[in-house]
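Student: Sharing a structure here in structure tokens format.
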Amino acid sequence: MNPDETFVNVEESFVNPDESFVNPESFVLSSGKKPPASGEGNSASKKWPTAKEIFDPQGAFLPLWNKIFVIACVVAVSLDPLFFYIPNINEQYKCLGKDKKLRTTALLLRSLMDLTFVIHMAHQIRVTAKIVASEQVARRGKADWLCRRQELVRAIPWFSILVDFLAALPIPQVAIGVVFFKRRSFEYFRKMGIMTSLILFQYLPRVYRIYVSYEELTRIKRWVRGAFNFFLYILASHVLGGFWYFFSIQREISCWHEACQRSTENDCIATYHFHCDDFSLRNDNMTSSKVKFLSEACPLDPRNSTRFDFGIFVHALKSESIPFLQKFFHSYWWGLRNLSNFGTNLETSNYVWENCFAILISVIGLLLFLYLIGNVQTYIQLATTKSEEICQKMMIKDLEIQLWMSRNGLPDDMKTVIMKNVKQRLEQDKDADVENLFSILSRNNRKSIKRHHYYKKAKRRR
């Protein structure tokens, strides 16, 4: 084939070679294909998706919703530990107070995030109903409502619905916003232990939902996968730091109750719930005597384990009076530090649940470490396999590009530039059509090739 035939009407298309290189459509390659137009197929104005498009299982909105839902799950799990910082200890009156601004903020954000789980449940049911109806019409030619209902019941992903339902239960709102501040007897500690276990349990469906939704996404960039692995580590530190602070408050209140139970002083028994909103705590004589009594019974500084051993929670109690942000980062640093060393530096008391918490820190740290190592090994294997595949494809493309350049009369020094563009295309998991190289070359490279062909043809005609 004559290389002059690979380009059509070059001289008529360009008055100035530098101006001609702006229009890549003026060249038709030897295959007769034109590079696709950059804006072809895109509408001038984007419209909001209709209900039909939203619930279309094959539509473009479903992948977008999956991404939105993953982000919402990540935000929801990150906001949950804020509930643990709502209670605080007033050391001046030795009573339990609350951060009302933080409580309002946490309740609003948590309710908003729970709404996404409800929407996701409805979306799953609606999409499943759409699929069942389409399959029924394809098989029978019409939709039978009774058969459709039976098939829908069988087709609905009930396990996924159950996970979303458990993740959306308002357990922190009830446990910390209501139950925690209503203490009237020692029966409270048993109930609070159950509620705390439920709060911890709810992280399982929430984290599971993040993991499953994340794995369902396709064409995720490498840095996103790396950020997800790092996020799990950050999230675990954030949650453990919040639990550490929350448990420390429970331990101090437990110490107060035990001290009052052993005491015969009526003023201590009368204020059994130790709530800062109780105006009886403002009685100067009663308050001073009670504060002195509780300070001696539950000493923090210096630490006295013979009276009451706070174990790993003593440092959290010493940070009670500092502002929220300092308290938050102090707790987060505690979680990150002990998760990194698998909790080996923790000095616990003989309290059973404190030791269980320390064991949990060690186990979570070990599991995250193994998960990270496993992902690194998988990534190395995939990267090696992909590199070998690219090398094999490059060997094939090298011969094809050499033939293409020979047919079109291009010099060998342009081969390096073209091969670089082809390799970048293959690394992005996209096919490189050698017969239509203009579709993968950059603007400057297309200009260089067209400039070379123009001058070469002009030189021939002299």
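Each Cβ is built from the backbone N, Cα and C atoms, and glycine gets one as well.
Among the features that TrEMBL reports, domain 'Ion transport' is placed at 64-387. What TrEMBL lists as region 'Disordered' is 26-45. The transmembrane segment feature in TrEMBL is assigned to 68-86, 158-181, 193-211, 223-247, 356-374.
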Student: Counting Cβ pairs under 8 Å to the transmembrane segment (68-86), which of 193-211, 223-247, 356-374 comes out on top?
Tutor: 223-247
Student: How about long-range neighbours of the transmembrane segment (193-211): same chain, 6 or more residues beyond its ends, C-beta under 8 Å?
Tutor: 70, 73-74, 76-77, 80, 83, 117, 163-164, 166-167, 169, 171-172, 174-176, 179-180, 232, 235, 239, 243, 246-247, 250, 353
Student: Quick test of the contact rule: Cβ under 8 Å, at least six residues beyond the ends. What residues does that give for the transmembrane segment (223-247)?
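Tutor: Tertiary neighbours of the transmembrane segment (223-247) are 74, 77-78, 80-85, 87, 176, 196, 200, 203, 207, 214, 312-313, 316, 327-328, 331-336, 338-339, 353-354, 357, 361, 364-365, 368, 371-372, 375, 379.
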Student: Compute the average pLDDT of the predicted model within the domain 'Ion transport' (64-387).
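Tutor: When the pLDDT values over the domain 'Ion transport' (64-387) are averaged, the result is 79.
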Student: With Cβ-Cβ distances below 8 Å as the criterion, list the same-chain residues six or more beyond the ends of the transmembrane segment (356-374) that contact it, or say none.
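Tutor: Tertiary neighbours of the transmembrane segment (356-374) are 229, 232-233, 236, 240, 243-244, 247, 312, 335, 338-344, 346, 348.
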